[in-house]
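Per TrEMBL, the features are:
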TRANSMEM  A:20-38  transmembrane segment
DOMAIN    A:67-273  domain 'ABC transmembrane type-1'
TRANSMEM  A:71-93  transmembrane segment
TRANSMEM  A:153-175  transmembrane segment
TRANSMEM  A:196-218  transmembrane segment
TRANSMEM  A:254-275  transmembrane segment
Amino acid sequence: MIFRSEASRGYTLSAPATAYVGFLVAAPLVILVAYSFWTQSYVTLDKTPTLKNYRDAFADPLVRHLMLRSIWIAGAVTAVTVALAYPIAYFIAMKARKKTIWLLLITIPFWSSYLLRVFAWKLILGFNGVMNSALLMLGLIDEPLDFLLYNEFAVVLTLAHAWAPFAILPIYVSLQKIDPSLLEAATDLGNGPIRRFMRVTLPLTIPGIIAACLIIFIPTVGDYVTPALVGGSDGKMIANLIQVQFGAANNWPLGATLSLIAMLSVGFVAIVFVLTATRLGRRIK
Amino acid sequence: MTDRNIIELRGVEKRYGTFVAAAGINLDLKEGEFFSLLGPSGCGKTTVLRMIAGFQEPTKGSVLIDGQDMEGVPANNRPTNMVFQSYAIFPHLNVGNNVAYGLRGKAPKAEIDQRVAEALEMVELGGLQDRGAGELSGGQRQRVALARALIMRPKVLLLDEPLSALDKKLREQMQFEMRNLQQSLGITFVMVTHDQYEAMTMSDRIGVMFNGRLKQVDTPTTLYARPCDQQVASFIGEMNILPAQLLDETGDTLSINAAAFGRMEIERNPNVATSDRNMNIGIRPEQLEIAAEKPEDYPSTVQGTVSNVAFYGENIHYHIQVAGTETPISVSVPNYFHTVDFNRGDAVWLGLQGASVIDLGQSTE
């Protein structure tokens, strides 16, 4: 009898998901916000509300530096990944015959763990790694290159590889949705392949590009495993600092504050990006 | 319409592997003509249109537009424009930018704006430049597609089933509008359609296609009155086909003995290959007289029974079972007095003039 009305049926069906989100997303977020207004000295938690953490965070040049670097690295990862993913998605959507097989091939990296993939990059880029050995063997270099690993470049490369499928899929979907007769109409009205791409294909795939950018940018800003493993001291990001606050430094309130600052910065950048991209798309005639 | 050929197809053939989509197409289209390619779906008519547009290259033969061989000329460099079956309105552009699409970068902005306004005026969408592509009705989309193609001032406008997505009322209205537009602009229109009425009401000439072959190219009236064979005869309008024996021929008059109706004299059809001893004749349903009593002023008559009645509004269709042929004879009577005169099972007489009988040539069975 609970299922009598549409509304009660809807609530019942969505209850497990609501509870899940409530306990695992909303509640931790509330706790995080609460912590950011508290202070801690050694093991005692002072629950008097204060803005001290925020003042400390904004005053600290390291925080600003790491935050900007995180956004810069995530932005670079996003740009590189989307730029490389677009041609692949275009090939699968427009040219490939066996689309399912191609899509399956793209997901193959996911069949192994992310940590393994990061370690694989360490092996490839390391001082005695695959890349250096190969270049030495070919006689192209005299001594191993040391700028391959433990810097921003390694972080960008590793993340771009890991996130490629997340960029390919939304772009593929938006390309797939384009009615082929629109492309023929553009040709018929005098456009060659490049003009046609710029005026029809690209603007119609902007939603896919935006989705791909957000899917990659938002999680990579806060990535912590990759910079910890291949970033060295040059490649450290904000998440590494946050981790230190919750771990070695044992300052949860500051950690919570930094997390919230990171979240808000990401949100701000994402909103500015979406608005700009949408506006640019509308200007194409 | 002038006598100059604007499009010439010379032995055009298109194969996909072993499948022959079109073959042996020879066709001259006059400047300023409204030409329709008519045929059932899959007959190759769209393939022919797309070869003219340049979306497909013929496997054999050549396409000439305004005297120039189009081989190797891509679709974007051909003096043709197309109205697509789906209309292909760019969803990210408003009406004005859709119509202006082909002119961008080729003319100054002020000129583009003026030509867009004129083109929209021409298709009766004046002032709708800022309307979004998603806010248009089916008929408006069709008009935008027309304006977008015509603004390019093409030598030939290609139309791929342009009216098939519209409802019946709108379709009939658009038939007249498009015909008027074509006549006032004097541009050659080539339309692909499977709708015989559409083709007949709009076209100067019609090319009928079956199985990749162009069967007959003629004016609508000739196609209706002098089809080249049974297939064309039954595709254009409704047709009763009866077997007959050729008894004698003097000049253009054939003396025959037709099933059900018996002896009569009919006119030779110059479009059919030969009239053999075993031949077929065609009778249009509206050419038959139906009456309760034997109609005296008709030379050929036959008695039968009404097996079916269908009321269409503007006319009434009867199916009459007669001796001498298995399939019932279809008769169409205009609805003059708002009455259905005969009912199923009624005994009736059918009357026929030899002059309205169509010689369909030798029997293909």
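Placed from the backbone N, Cα and C atoms, the Cβ positions cover glycine too.
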Result, the transmembrane segment (A:153-175) in contact with the transmembrane segment (A:254-275) (3+ CB pairs under 8 Å): no
Contact call for the transmembrane segment (A:196-218) against the transmembrane segment (A:71-93), three or more Cβ pairs under 8 Å: yes
Remote residues contacting the transmembrane segment (A:153-175) - C-beta distance under 8 A, at least 6 residues beyond either end: 73, 76-77, 80-82, 84-86, 88-90, 92-94, 103, 106-107, 109-110, 114, 117-118, 121, 125, 147, 201, 204-209, 211-212, 215-216, 220, 223, 226-227, 230-232, 235, 237
Residues of the parent chain within Cβ reach of the transmembrane segment (A:20-38), under 8 Å, 6 or more residues beyond its termini: 45-51, 53-54, 252-253, 255-257, 259-260
